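Per TrEMBL, the features are:
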DOMAIN    A:39-253  domain 'ABC transmembrane type-1'
DOMAIN    A:321-504  domain 'ABC transmembrane type-1'
TRANSMEM  A:43-61  transmembrane segment
TRANSMEM  A:73-98  transmembrane segment
TRANSMEM  A:128-151  transmembrane segment
TRANSMEM  A:186-212  transmembrane segment
TRANSMEM  A:232-254  transmembrane segment
TRANSMEM  A:279-304  transmembrane segment
TRANSMEM  A:324-345  transmembrane segment
TRANSMEM  A:352-376  transmembrane segment
TRANSMEM  A:382-404  transmembrane segment
TRANSMEM  A:441-462  transmembrane segment
TRANSMEM  A:485-504  transmembrane segment
């Protein structure tokens, strides 16, 4: 019942603003050559980003799953980092490492070849702008997400199975064939499509690292149509294109995302036995080191630049921080409750409704809401509420993807026992669902809180100096060339986003007992 | 009295029919080859599978549309009979109140049931820290507090060794002697059927035969039973 009501509310929230945009735009225009270029670029960069992120994630996830070492927990927490890293903060860090005058180009500059005849040294350099920059940023954001999703797949194989395999004398190759490959075959298509769908909607990365006729995504084109020309007809047409692209990917993800259970274990604490052999050990260590450096260097760059900027922050930062915290915590409670209601509804279309926001562009949604509110109230008065609602809708598909398989697994393993004992409603929630789902729920709550905290999207359309969120404040400070203050506020944003994530995720990982 | 009135079950391509009655206090072993439908029949009696046609009655009352928890049935499954995140005491307590709001008397009842099955002093332990035999005992303690007239066992002891399995069946028989309950159990092993010393029904070729006394059946096996026993 609650699940169906929530599903209807979501569909209404998504469709009514879209209708407002179409109504205001008067039907839409036809795509021109630039729009088709944007479609091609969107698909190509998303495909490259998704495949690269997923393939690189497999060896990293396997290494983390089968090795035990000090700092393993920190590495897992780090894998949650870039996905929840506010985009504006991440871009500052990536430019600091890979941009002009950044760390990588400085290193490449050391290896200049001696000057040939014309007297100019020949140096290698990389540019972070254009297709490869966009893909690099997307891999930075999504590799860790892929690692965590695949790692969950690994951890979902009950430890008893690995013990059984070890007991039967299975080598690493046998374990791969018997346990790991079936898990990967069930997990990977879903992971690729999730990353693909995320990258299809790429806006902030394309805005900062792409742009121009050769590196514009559809989402960026929508934003430009709104902010530069206020051309609603073109924006409406582009949003229809975006809707088709992302709905297609979403439906595909839903189809391929169905995974088989591995049966339940008894919650015994058995560590997965690491395979022997020095070469395998070195390989695992190398994968984890490279992944850690790839993630840590940009974060470190933000921390270093931000520390010196903390003293420069204007007082407006604190009000914005309060707004952002209030939005983030409300969004967390709402999103997790809605996702749980949808997951427990056990109906296909309800599940689909929860994935529907993947097809929505936050910018189109925000503009539609703007058009709806405008006749009856001042839209800026509703800026924070609209931001909250859009944050909930945008986080929901990811949260549902985490919560739904876990809920299905609980039902598959313990549903009959609970039914036979008459555990229904609150009793079932309290004594079966919540304790069995503590870990995925904690992870999902952490993701939502951090995503909402760092979101810079719809709030930008409702600009009002008094109603800013922290990411918008960082953006404004950058725009005003107050680089030091922007870096300081970015560091504050980074600490708050990560702090919220860690509190929820660690809370979920504590043993749920007795 | 349990009545299976021309019961027809279907699961995909699989079909099973049964048309017989079982008196209160009877102990019935369903035996037959794997995949013959023993567990399917049990699932239908427990309320997890709606029959295609026919009716299921307990002392005359039609159970066919009742949800599992409202049937006079306590059931132990092949596995996952305990919630691993809850203490043994809470697992047993769920048999008294599914929302676990136990008063002092109910708590004492759960503790007494644990005592009765030989798990005194283990109330606060988690299932994962118990041996297989102890886990079975804990599940039986819950059956005891559930206080339902009909007990269904879907091979819950199949993972235990022969001695332990015999011990569990003896415990079940002893508990039923105290409560006067009715038992239907699925088994692969003819010696289990002998152990409970009751009736026998061969489930084979889409049909669950009417129960016959086990001693007679073994002494003078039908062609189907002879084929199964080998």
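Backbone N, Cα and C define each Cβ position, glycine as well.
All annotation found in TrEMBL is predicted automatically rather than curated by experts.
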Have the transmembrane segment (A:73-98) and the transmembrane segment (A:232-254) got at least three CB pairs under 8 Å, pairs 6 or more apart in sequence?
no
Taking 3+ C-beta pairs under 8 angstroms (sequence gap of 6 or more) as contact, is the transmembrane segment (A:485-504) in contact with the transmembrane segment (A:352-376)?
no
Can you tell me which recorded stretch out of A:128-151, A:279-304, A:324-345, A:441-462 has the most Cβ pairs within less than 8 Å of the transmembrane segment (A:352-376)?
A:441-462
Should anything in the same chain at least six residues away from the transmembrane segment (A:128-151) have a Cβ under 8 Å from its Cβ atoms, list it; otherwise answer none.
41, 44-46, 48-50, 52-54, 56-58, 60-61, 64-65, 76, 78-83, 85, 87, 90-91, 94-95, 98-100, 102, 184, 187-188, 190-191, 194-195, 198-199, 202, 205-206, 209-210, 214-215, 291, 294-295, 298, 443
Residues of the parent chain within Cβ reach of the transmembrane segment (A:441-462), under 8 Å, 6 or more residues beyond its termini:
80, 83-89, 148, 203-204, 226, 324-325, 327-329, 331-332, 335-336, 339-340, 362-363, 365-367, 369-370, 379-380, 382-383, 386-388, 390-391, 394-395, 398-399, 402-403, 406, 434, 468-472, 474-475, 493, 496-498, 500-509
